[in-house]
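The structure appears right after this line, and notes come after that.
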Amino acid sequence: WMHVSHGNRLSVCNKICYAIGGAPYQITGCALGFFLQIYLLDVAQLDPFYASIILFGGRAWDAVTDPTVGFLVSRSPWTRFGRMLPWILLSTPLAVLSYFLIWYVPPFEDCKVVWYLFFYCLFQTLQTCFHVPYSALTMFISSEQKERDSATAYRMTVEVLGTVLGTAIQGQIVGMANAPCLPGPGDIVANMTNSLNSIGLNDSEPVISLEHTRKAYMIASGVICLMYILCALVLFLGVREQKESCRPRSEPMGFFQGIRLVMGHGPYAKLVMVFLFTSLGFMLLEGNFALFCSSTLGFRNDFQNILLVIMLSATLAIPFWQWFLTCFGKKTAVYTGTLAVVPFLITVVCLKSNLIVTYVVSFAAGVAVAAAFLLPWSMLPDVVDDFQVQNPESTGHEALFYSFYVFFTKFASGVSLGISTLSLDFAGYISRGCSQPKEVDLTLKLLVSAAPIALIIIGLIILSFYPINEERRQGNRKLLQEQRDSEADSETDSTELANIV
């Protein structure tokens, strides 16, 4: 019902509808990224070792699903709705159901681990069936690079808004029903006199039980499920997928042949490595920051607001990075944005626990988070164009490029969550403990500061070898436009010839 206006130009309405489709991935990803670890440890009350198996297993499963779905999408036939949109529509209902069941504590103890692992893996698979076609759709909403860049900017803004929504909905609903911590042996000795004096008072106050917290998690997931469905519908109804230009698609190829093809393209392999290391660093920070705020800094009742500040500042920073990127080039923007987070990561660990300082640091970190997560995405269409210039005979592989990119993000988060939860297990993490052993505090400091900084620096060193600069980008754009024009001319000629005959 909303047509593409004049040829390859996209209306603002089209761009907004396209952008809204990016929200479900970010809303659910953020809720899972920030809260799943704390939920499995403190609400479902799983052993940290089993929690690490679930967190890593779910993401490792994505190692299989992402490239597989990318491969299947690139071979799927054209329908009257397009090639990408049917995947998005059909995967949504089941994805929503499996997401809801991740946040439900089953009434049995024995197979809890199997329950969470199964529904987490199922959700990851179904969400991949949504997100890989959605990412590849960028190449099919318009053949104009400028229009695609503009639509990507809209998408970036909505995706960061999605992370804010995910953090806000989950954080605020769950934060209102935060079950009290359980004092450990040390806390009991220290607080013996206080607790004896306050026993009478506590009886009259409404105590938040673990059951309340469980219900709060389910309410939050219900709200997120509704948003997922709404966004999918807006995308499906508001975007018209364009059939590929007159150029014939090359023959479908085997799975491993596809991997060799995309990973064999130098600039793509380098960009993927940059993305792998920087996102691994930021995922470690994301996955452990809630625990770091509540356990090490002692802000048990404020951590959801701290997370919200990070995401809000990331949203506000998007227009700035968009401007910076056009003025100074994509590569400079990635360097500046990603390095900006380093001083703040050092500050939050070195300073004594101070709520105001933590809020200031969180705001500044959010600006860098926006750059680190979103700028590499803006570089991907350049790599796809570069590949098409160098391999004019090989077309229709966009879904493969995007699916491996998505896979590396998820692989990074799986590794980071698995490693960090295992580290906490070794350090002796106490589930719902009011205070943690010194080793747990030290481990959390390493996970939110030293490790991310090291990974970010490795990523930026690899970026220095990335070959596509502004000059090459403009050259590629010109060559592709010439190719399209000549193809359009030849098709016009053949149509006229056919008419004469």
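Quick reminder: no glycine exception, Cβ is built from N, Cα and C everywhere.
The feature transmembrane segment, as given by TrEMBL for the ranges 17-41, 117-141, sits at 117-141. Residues 21, 28, 32, 36, 39, 43-44, 69, 73, 76, 112, 115-116, 119-120, 122-123, 126-127, 129-130, 132-134, 136-137, 140, 214, 217-218, 220-222, 224-225, 228-229, 232, 235-236, 239, 241, 399 of the same chain lie 6 or more positions beyond the ends of the transmembrane segment (84-105) yet place their CB under 8 Å from a CB of it. Simply put, out of 117-141, 271-293, 332-351, 356-379, 444-468, 117-141 has the most Cβ pairs sitting under 8 Å from the transmembrane segment (216-239). Here the listed stretches are 117-141, 356-379, 444-468, and the one with the most C-beta pairs under 8 angstroms to the transmembrane segment (305-326) is 356-379. Two recorded stretches are said to be in contact when at least 3 C-beta pairs lie under 8 angstroms, sequence spacing 6 or more; the transmembrane segment (444-468) and the transmembrane segment (332-351) meet this definition. Same-chain neighbours of the transmembrane segment (117-141): 4, 10, 14, 18, 21-22, 24-25, 28, 53-54, 57-59, 61-62, 65-66, 69-70, 73, 82-85, 87-88, 90-92, 94-95, 98-99, 101-102, 147-148, 151-152, 155, 232, 235, 239-242, 244, 381, 384, 398-399, 401-403, 405-406, 410, counting only residues six or more beyond its ends whose CB sits under 8 Å from a CB of the stretch.
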